[in-house]
Each structure stands twice: as C-alpha cells, then as structure tokens.
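Record features (Swiss-Prot):
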type: ACT_SITE; residues: ASP331; note: active site, proton acceptor
type: ACT_SITE; residues: ARG333; note: active site, nucleophile
type: BINDING; residues: GLU31; note: Mg(2+) 1 binding site
type: BINDING; residues: GLU31, HIS145; note: Mg(2+) 2 binding site
type: BINDING; residues: ARG254, VAL255, HIS256, SER257, GLU258, GLN275, GLU297, GLY298, ARG299, THR319, THR354, LYS359; note: GTP binding site
type: BINDING; residues: CYS259, CYS270, CYS272; note: Zn(2+) binding site
type: REGION; residues: 1-203; note: region 'DHBP synthase'
type: REGION; residues: 204-414; note: region 'GTP cyclohydrolase II'
type: SITE; residues: HIS128; note: site 'Essential for DHBP synthase activity'
type: SITE; residues: GLU166; note: site 'Essential for DHBP synthase activity'
Amino acid sequence: MEQFKFNTIEEAIEDIKNGKMVVVVDDEDRENEGDLLMAAEKVTPEAINFMAKYARGLICMPMTEEKLKELDLYQMVINNTDTKETAFTVSIDSVETTTGISAFERALTITKAVEKGAKAKDFQRPGHIFPLRARKGGVLKRAGHTEAAVDLATLAGLTPAGTICEIMNEDGTMARVPDLMKYVKVHNLKIVTIADLIEYRRKTESFIERQGSASLPTKYGEFEIIGYEDKLTGKEHVALVKGDIKNGEPVLIRVHSECLTGDVLGSLRCDCGDQLAQALRQINKEGRGALLYMRQEGRGIGLINKIKAYKLQDNGMDTVDANLALGFPEDLRDYGIGAQILKDLGVEKVRLMTNNPKKVSGISGYGIEIVERVPIEIECNKKNEFYLRTKKERMGHILNFKNIKKYDKSIKEA
C-alpha cells in the first residue's frame with residue numbers, strides 16, 4: 001500500500017469530529033478491505049442512505065464493552081468461530097421505529113443507542129442495526145475496523161462508538177486499495193490506514209505506569225530501580241537509574257532487551273550478558289545515566305520460541321532465518337514503550353548505547369532526541385561469531401570485528 005497516498009490520522013480525526021465519513025483500510029494480510037466510518041453520535045438518515053447506496057456492505061455499530069453491558073446486548077453466538085473474531089451482538093431496533101429498516105429509522109436506532117441514559121428497554125431484538133464489541137485497548141489490541149471506529153470517535157472527543165459499512169464495488173466484489181483511491185476521489189473523502197492509526201496512538205498516548213522504586217546496590221555500582229507496568233500487555237519493565245537525569249543535558253542510556261540465557265545463564269551464543277554488564281559499568285563510571293531492562297525476550301518472540309530458534313540454528317540456520325522459519329519477523333521489539341519510560345524519567349536528550357541503527361530510529365521516532373550513538377561492541381568468541389556476523393550482515397548492526405579479517409560463513413553458532 002506504500003505506493004498510494006493516504007491522509008493523516010489528524011485529518012481523519014478532524015473530519016470525524018465534524019460529522020464526516022472517512023474510509024479506513026486494514027492490512028492487506030488481514031481482510032484487505034475498506035470501510036466507510038463515522039462517529040455514531042453524528043449519524044444522520046442521509047449518512048445511512050449514502051452507506052447503503054455507495055458502500056453496499058452491512059451497516060454496523062462498534063461500541064465499547066461497557067456500553068453494550070448497559071444495554072444488555074449479549075454476543076450473537078457463544079462460540080465465535082469467525083477467523084477475525086468479529087464480535088457481533090444480537091441486532092437491535094429502537095422501540096420508536098416501525099420496521100426499523102429505513103435510513104431514517106436505522107439512524108434513529110444508532111443515535112438512541114449512544115444517548116446518555118439509554119437503557120435495554122429502549123430497544124427491541126432482533127433488529128436492523130448490528131452492534132459490534134470493540135476490544136479494550138482498541139487497535140493496539142485488535143487491528144480491526146471495529147476498534148478503529150471507537151478509537152477515532154474517542155480521539156475526536158466524541159462518544160466512543162462508531163458506524164461502519166464495508167465498501168463493495170458496483171459488481172459486488174470487495175473494493176481494494178486501488179478501487180478505494182478512486183472511490184475517495186469521486187466522493188471527496190479522506191482515507192487512512194489502521195496501521196497509521198496504531199502508530200499514531202503509540203506516539204501520542206502513554207501505556208506505561210510507574211509501580212514502585214527502591215535503591216539497588218549491584219556489583220557494578222549503586223542504582224535506583226524503578227518498576228513499570230505496560231498497561232496493554234501486562235509486562236513489567238524496569239529502569240536502573242544513576243544520578244540526576246532530569247536536568248536537560250544528554251543522558252547516557254542503554255535500552256536492553258531481556259535475554260535470560262545470556263544475562264542470567266551466561267550463554268556464549270550471544271553478546272547480551274556482556275553488553276548488559278558493560279552498559280552498567282559505563283553508566284556507573286559516568287555517574288549519570290539509565291539502563292532500561294525491557295521484557296522482550298528473543299527480540300520479542302519469547303523464551304520458548306527463542307529456544308526453538310536455537311535448535312534451528314544448531315541445524316545450520318542463522319538467527320534471522322530461524323525467526324522467519326518459526327513464522328516471526330526478524331525483530332518484533334517495540335521501542336515505543338521504552339521511549340515512554342524515558343519520558344516518564346524526564347529524559348529529553350539521549351546518548352544511546354547501541355550498535356543497532358533501527359533502535360536509534362525506533363526511539364527517536366517517539367520524540368526522544370538522540371544526540372549520539374555510543375558503540376557497545378563486545379569482543380566475539382568462537383561460539384557467537386556467526387551470530388554477530390549475521391547481526392552485521394543481515395540486520396545492519398554496526399560492528400567492526402577488528403580481530404577478524406573476513407566473514408567466514410562456515411562458522412556456525414554453538
């Protein structure tokens with residue numbers, strides 16, 4: 001979808017706020033569809049008629065779980081076998097409607113459902129409007145049109161409920177991105193992607209919560225340890241802080257991903273444990289800095305999957321191909337949470353200890369200024385040379401290998 005020009009999320013929010021519709025596109029590996037979408041409280045008979053005439057799909061009303069409970073709207077089926085887990089409830093009509101199917105009466109049902117004080121007795125079941133339950137956490141938990149509708153309405157400062165309708169071509173086939181680009185031009189609509197909405201939310205909202213702190217004497221020096229909880233995933237991360245890091249001056253920072261095998265068990269397959277030790281020594285030496293210990297084991301795939309990847313590496317694969325063979329990208333880590341922790345710590349400018357350019361761009365993309373990349377290169381050994389070579393050759397890590405003349409592909413990880 002990169003070759004197409006999409007609107008910004010800010011533009012979409014403004015149109016939603018003003019009662020307009022926008023087209024929202026999901027991932028091409030998901031439904032690969034576009035929906036007309038607007039805020040439920042802004043719905044009019046004209047809008048419903050437009051959806052029915054020019055979108056041609058099923059008109060639905062995404063809502064929060066809390067609102068659905070207030071209206072006593074239970075799930076349509078107990079065992080949801082839909083591959084995308086679309087959470088339909090029983091359909092409804094307002095008790096003030098006749099047949100409930102006209103554009104006027106469908107608009108009435110929607111606006112009545114989002115009114116403050118609306119009660120279950122105000123609606124008859126079944127009906128012609130199909131409420132959908134949005135997941136808590138919105139598009140950050142499920143990248144669907146249901147969640148996008150609630151998120152966009154919320155971001156626009158409106159009631160967290162939307163109205164959506166899938167867009168079909170005139171011949172009845174589903175409209176894909178090339179069709180949708182022509183569609184928005186004809187109807188003068190904005191078009192955005194759920195992927196961009198996810199990125200927007202990650203950059204503009206905070207999902208971490210400080211849970212506690214204490215002093216932590218270590219063999220590397222004295223630190224303050226601060227615990228954080230990721231409210232979306234429930235994962236717990238920690239920051240080890242040395243000295244005053246809030247005075248606006250650039251701070252020496254290491255964002256370190258958890259590696260049980262390297263950090264705790266002393267594995268020679270990687271350089272993680274040595275990098276952790278070197279970073280803490282360097283921060284302590286400078287007297288000012290922080291190390292973030294992020295619970296993103298195995299570049300985000302988790303400990304068990306990392307062990308499975310090790311087995312594939314034992315059989316000749318490198319670390320990248322092993323991840324791909326297990327169905328994962330080469331790197332699943334989310335640097336946004338680390339950036340949010342840095343903001344909570346009062347850090348604005350960073351001297352980042354890393355060999356990974358993607359980590360630099362990943363953190364700077366969240367509003368943290370990276371003033372310097374500080375190398376943290378560890379001397380390799382026979383057990384991890386192939387792994388480190390792979391990081392350099394295939395993942396773009398900046399490694400010098402001063403002791404080694406050439407890349408010997410015959411060297412495998414232990």
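Backbone N, Cα and C atoms are what each Cβ position is placed from, and that goes for glycine too.
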Worksheet item: In the same chain, outside CYS259, CYS270, CYS272, whose C-beta lies within 8 angstroms of the Cβ mean position for the Zn(2+) site?
Response: THR261, GLY262, ASP263, SER267, ARG269, ASP271, GLY273, GLN275
Discussion item. Among the recorded positions HIS128, HIS145, ARG299, which residue has the fewest other Cβ atoms within 10 Å of its own Cβ?
Written reply: HIS128
Discussion item. Please list, in sequence order, the residues in the chain of CYS259 (Zn(2+) binding site) that are at least six apart in sequence and whose C-beta is under 8 Å away from its C-beta.
Written reply: SER267, CYS270, CYS272, GLY273, LEU276, GLU297, GLY298
Response to the item:
Note: in the chain of HIS256 (GTP binding site), residues six or more apart in sequence with C-beta under 8 angstroms of its C-beta are CYS272, GLN275, LEU276, ALA279, LEU291, LEU292, TYR293, MET294
Worksheet entry | Stretch-averaged pLDDT - the region 'DHBP synthase' (1-203) | 94
Discussion item. Please identify, among the recorded positions HIS128, HIS145, GLU166, the one with the smallest Cα-Cα distance to ARG254 (GTP binding site).
Written reply: HIS145
Response to the item:
If we take the residues ARG254, VAL255, HIS256, SER257, GLU258, GLN275, GLU297, GLY298, ARG299, THR319, THR354, LYS359 that the record assigns to GTP, their largest CA-CA distance in Å comes out at 22
Worksheet, complete the sentence: Smallest Cα-Cα separation from the residue listed as 'active site, proton acceptor' among the binding-site residues GLU258, ARG299, THR354 is shown by ARG299
Worksheet item: Taking the recorded positions one at a time (ARG254, GLU258, ARG333), which has its Cβ surrounded by the most other Cβ atoms within 10 Å?
Response: ARG254
Response to the item:
Quick note, THR354 (GTP binding site): same-chain residues at least 6 apart with CB under 8 Å of its CB -> ARG254, VAL255, VAL360, ARG373, VAL374, ILE376
Fill in: Spatial neighbours of ARG333 (active site, nucleophile) among the recorded positions HIS128, GLU258, ARG299 [C-alpha, 10 Å]
ARG299
Discussion item. Could you check which of the recorded positions HIS128, GLU166, GLU258, ARG299 is the closest Cα neighbour of HIS145 (Mg(2+) 2 binding site)?
Written reply: GLU166
Worksheet item: Sequence gap of 6 or more, C-beta under 8 Å: which same-chain residues meet both conditions with respect to GLU166 (site 'Essential for DHBP synthase activity')?
Response: GLU33, GLY34, ASP35, ALA55, ARG56, GLY57, LEU58, MET174
Response to the item:
Expressed in Å to no decimal places, the gap between the Cα atoms of ARG299 (GTP binding site) and HIS128 (site 'Essential for DHBP synthase activity') is 47
